Amino acid sequence: MAYHTLRHEYMQMPPVTRAYTTACVITTVAVQLDVVSPFQLYFNPLLILKQFQVWRLITTFLFFGNIGFNFLFNMIFTYRYCRMLEEGSFRSRTADFVMMFFFGASLMIIWAFFINLLFLGQALTIMLVYIWSRRNPYIRMNFFGVLNFQAPYLPWVLLGFSILLGNTPWVDLMGIAVGHCYYYLEDVLPQHRANLKILKTPLFLKHLLDPAPEEDHVPPPEFRPGGFNWGGNAAEIPPEGRQNE
């Protein structure tokens, strides 16, 4: 019974969230079992360019360290905010969601050539959190029952928490910067430049990933953060919600 329940919950996850979190867990377990070494996974420009170890462009986003508090913390946030984005503002727009991942990962890799960062998975998580927080500005957050704040402050709270744990701030700052770049290009710029859209998802990706449009579909309340009626009547004014971490 437990197996079937777990399998059902796993298959209920949206495809991008399921694929990415599964890849992260498998990579971490493989390292934990000594099947692969972190030295085979980290971002190294010299090995990528001179020895063509191109897999490092992907594995740098999949390893969050050995299984422990830091890994579990990052996985919870990755799963939570990746899923809420995919089932919220990106619902029925899987191709656009994949394009967001590609844009963020590409920009982080470019910057990583100039900044000495080995693993970029945490930066990608912070990017997801930042985009979600800017698209849900009215939600009140509660962090470990200590801090209360509006959703747009969440990435900065996580940055402070990461520093308290002794981590370098550059990874989180990169995630915030890349998330802001995406948010500005996708959400802000089109409103001020006559619907100018710089980030365009390739048509082949839309045909490959996007299902037929769903009519009159309203997601369940747990995936309508803050009461936003994603997929409902756009004329309705979303009430201020509340969400606990």
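In case you wondered, yes, glycine gets a Cβ from its N, Cα and C as well.
Taken from TrEMBL, the feature region 'Disordered' covers 216-245.
What TrEMBL records for 20-43 (among others) is transmembrane segment. Beyond its flanks by at least six residues, the transmembrane segment (20-43) meets 13, 56-57, 59-60, 62-67, 71, 75, 78-79, 82, 101, 109, 112, 117-121 of its own chain at Cβ-Cβ distances under 8 Å.
Residues annotated as transmembrane segment in TrEMBL: 55-79 (among others). Remote same-chain partners of the transmembrane segment (55-79), defined as residues 6 or more beyond its termini with a Cβ less than 8 Å from a stretch Cβ, comprise 17, 20-21, 23-25, 27-29, 31-32, 38, 40-44, 47-48, 105, 109, 112, 118-122, 124-125, 128-129, 158, 165.
Marked as transmembrane segment by TrEMBL: 100-133 (among others).
Positions annotated as transmembrane segment by TrEMBL: 153-185 (among others). When Cβ-Cβ distances below 8 Å are used as the criterion, the transmembrane segment (153-185) is approached by residues 70, 77, 100, 103-104, 107-108, 111-112, 115, 117, 119-120, 122-131, 133-135, 141, 143, 147, 198-199 of the same chain, each at least six residues removed from its ends.
Listed as Cβ neighbours of the transmembrane segment (100-133) (distance under 8 Å, sequence separation of 6 or more from its ends, same chain) are residues 16, 20, 24, 41-45, 57, 60-65, 74, 77-78, 81-82, 84-85, 88, 90, 151-155, 158-159, 162, 167, 170-172, 174-176, 178-183, 186, 199, 225.
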